[in-house]
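The following features are taken from Swiss-Prot:
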type	residues	note
BINDING	15, 21, 27, 29, 82, 84, 91	ATP binding site
BINDING	27, 29	Mg(2+) binding site
ACT_SITE	79	active site, nucleophile
BINDING	104, 107, 109	FMN binding site
């Protein structure tokens, strides 16, 4: 994908509530206008990168972009799992994301357990990839230092 790394930010909105409740893997969801403005060559699938909430620390993350076939979503979504434990929810805060690599396409699963297992595998692979020097340097990108109040797509 020519668009990677891809930088975007937007206000965290409520999703379906499945990430925490059903999967044990909480996600922060972008509003529709952020998803609708993704570059055409950013295909659906699972990606990895860096994320921060507001002006907070930058953490590793995985993000699902698409329709989540297991749940048969009718609207395209962008759901970010930040690999960090937060003390409380952060709905309404600005989420800053740098997508740096692609893991796999979206696919359906025959059970909730196999979906959870795949996501856990994605998280482990993302951790490894983000430790590589070419990805690690993006953690300190100026994108995470600029004014956090501006909602934008692109860099």
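Every residue gets a Cβ built from N, Cα and C, even glycine.
Locations of recorded Swiss-Prot features on the structure.
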{"residue": "15", "record": "ATP binding site", "DSSP (3 states)": "coil"}
{"residue": "27", "record": "ATP binding site", "DSSP (3 states)": "coil"}
{"residue": "79", "record": "active site, nucleophile", "DSSP (3 states)": "strand"}
{"residue": "84", "record": "ATP binding site", "DSSP (3 states)": "coil"}
{"residue": "91", "record": "ATP binding site", "DSSP (3 states)": "coil"}
{"residue": "104", "record": "FMN binding site", "DSSP (3 states)": "strand"}
{"residue": "109", "record": "FMN binding site", "DSSP (3 states)": "coil"}
Nearest-integer angstrom distance between the alpha carbons (Cα) of residue 29 (ATP binding site) and residue 109 (FMN binding site): 21
Cα-nearest neighbour of residue 84 (ATP binding site) within the listed binding-site residues, 104, 107, 109: 104
Nearest recorded site to residue 79 (active site, nucleophile) by CA-CA distance, among binding-site residues 15, 27, 104, 109: 27
Spatially closest candidate among 15, 82, 91, the listed binding-site residues, to residue 104 (FMN binding site) (Cα to Cα): 82
